[in-house]
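Since the structure comes first, as C-alpha cells, the remarks are kept for the end.
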Amino acid sequence: MAKFVSIITLLFVALVLFAAFEAPTMVEAQKLCERSSGTWSGVCGNNNACKNQCINLEGARHGSCNYIFPYHRCICYFPC
C-alpha cells in the first residue's frame, strides 16, 4: 500500500510540474502612440472617416476624432 501511495504522489508531483511549465505565456499588449493625421484637413466630425483614413492612407492601427484645443482633430494611433 505504501508503494502505491508513493507512486500516486510522484505522478501528482509530475503532473503539477508539467502544468506549471506548460502554462500559456501572456504577451504584453502593444502600446499605441497618438499623432495628428498628416492627411486630414479641417475639423474632424466623422470618426469612421478619420479611422478609415488613418488605417488606409497612413498605416495606423486606428484613428478617431479627438478634441484638441481649439477644435476636433483626426488623431491616428500607431505602435510606439
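Yeah, the Cβs are placed from backbone N, Cα and C, and that goes for glycine too.
As annotated in Swiss-Prot, Cys54 shares a disulfide bond with Cys76, one of the listed residues Cys76, Cys80. For Cys33 (disulfide bond), the nearest neighbour among the listed disulfide-bonded residues (Cys50, Cys54, Cys76), judged by C-alpha distance, is Cys76.
Long-range Cβ neighbours of Gln30 (pyrrolidone carboxylic acid) (same chain, at least 6 residues apart, Cβ-Cβ under 8 Å): Pro79, Cys80. For Cys50 (disulfide bond) paired with Cys44 (disulfide bond), the C-alpha to C-alpha distance reads 7 Å. Note: the CA-CA distance between Cys74 (disulfide bond) and Cys44 (disulfide bond) rounds to 6 Å. Cα spacing between Cys65 (disulfide bond) and Cys76 (disulfide bond): 9 Å, rounded to the nearest whole number.
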